[in-house]
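Going by TrEMBL, these are the annotated features:
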type	residues	note
TRANSMEM	22-48	transmembrane segment
DOMAIN	41-290	domain 'G-protein coupled receptors family 1 profile'
TRANSMEM	60-78	transmembrane segment
TRANSMEM	98-120	transmembrane segment
TRANSMEM	140-162	transmembrane segment
TRANSMEM	200-226	transmembrane segment
TRANSMEM	238-261	transmembrane segment
TRANSMEM	273-292	transmembrane segment
Amino acid sequence: MESLNQTSANRFILLGLTSTPYLQALCVLMFLIMYLVTIAGNLILIIVVGTSVQLQTPMYFFLFNLSIIDICFSSTIVPKLLIKTVAQDKSVSLLGCALQMFFHLALGAAECFILSVMAYDRYAAICRPLHYYKVMNKKVCICLASGSWAFSFINSVMHVVFTFQLPFCRSNHINHFFCEVPPFLYISCRDTWFNEVAMYISASLIGIGSFSLTLTSYVYIVFTIINMCSTEGRMKAFSTCGSHLTVVSLYYGAVLFMYLHPHSDYFPETSKIMSLIYTVVTPMLNPIIYSMRNEEVKSSIKNKLMVQMGKTF
């Protein structure tokens, strides 16, 4: 037991998504494509938003932040997943695991905050259009974004410290594809009540809190849209909010399931699927949804392409 505990304290074995060879090859191909699409799509949005004069508005400032989060979020998980899937050595050091958990938790919380801030931005734009630029001025936007990042990293530090203070004597094998908190609670030989309570409180404040603020914003938005006289105005408002609602539904559904279900009901395969949705799928879909459903973004991308083609010829 002492030897196992020492091994567990130094390195962990990530069991990954599957042990079947042909499924491993399929996973590598699929996730490599998804990762490349994520990086390319979000980089395009960052460049377009950062260089287009017509996109220098609060909405696109937060979209810029969301794209940075998605690139970092996906890069924290997917490259390591691809390497560990094909490598013989599935182990990861304690430091490597702690760093991956830290950035995963911080970026996940930051995405929750930014999505809720984007909902408030849409509320201000649709429900208080005459006061929009007063309510969402530059100082407010910077404070909201920087506050989101700061609270996310503070929360992450707390959970990483709490998690790695536990003794892991049951096993050093993690039935997951990256270092996430729930699987570590499962292999601990100490009562994890304190960690679970801290996790539930954090998930409630960040996840449910952000989700509630988002829903509240959209309740006001829907009532405002219903009372609009112009059909064209209603369609434009729904189109503007539709992309954000799609992202919110995908992301919050998976995150809340992962961090709010009881530790005793931990099911590895289901947890892997939920984790894949919010760490791999959502970061890939965000730029596609926003660029495909947003005329201003599509117009800016076309203009950039035309300028580049003009320079080429």
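Note that Cβ sites are derived from N, Cα and C of the backbone, with glycine treated the same way.
Since this is a predicted model, take the numbers as computed values, not measurements.
Contact check: the transmembrane segment (98-120) against the transmembrane segment (22-48) gives fewer than three Cβ pairs closer than 8 Å, residues 6 or more apart, which falls short of the contact criterion. Contact between the transmembrane segment (22-48) and the transmembrane segment (200-226) is not supported: fewer than 3 Cβ pairs lie under 8 Å, counting only residues 6 or more apart in sequence. Through the fold, the transmembrane segment (200-226) approaches residues 109, 112-113, 115-116, 119-120, 122-123, 126-127, 155, 158-159, 233-234, 237-238, 241, 245, 248, 252, 255-256, 259-260 of its own chain, all at least 6 residues removed from its boundaries and within a Cβ separation under 8 Å.
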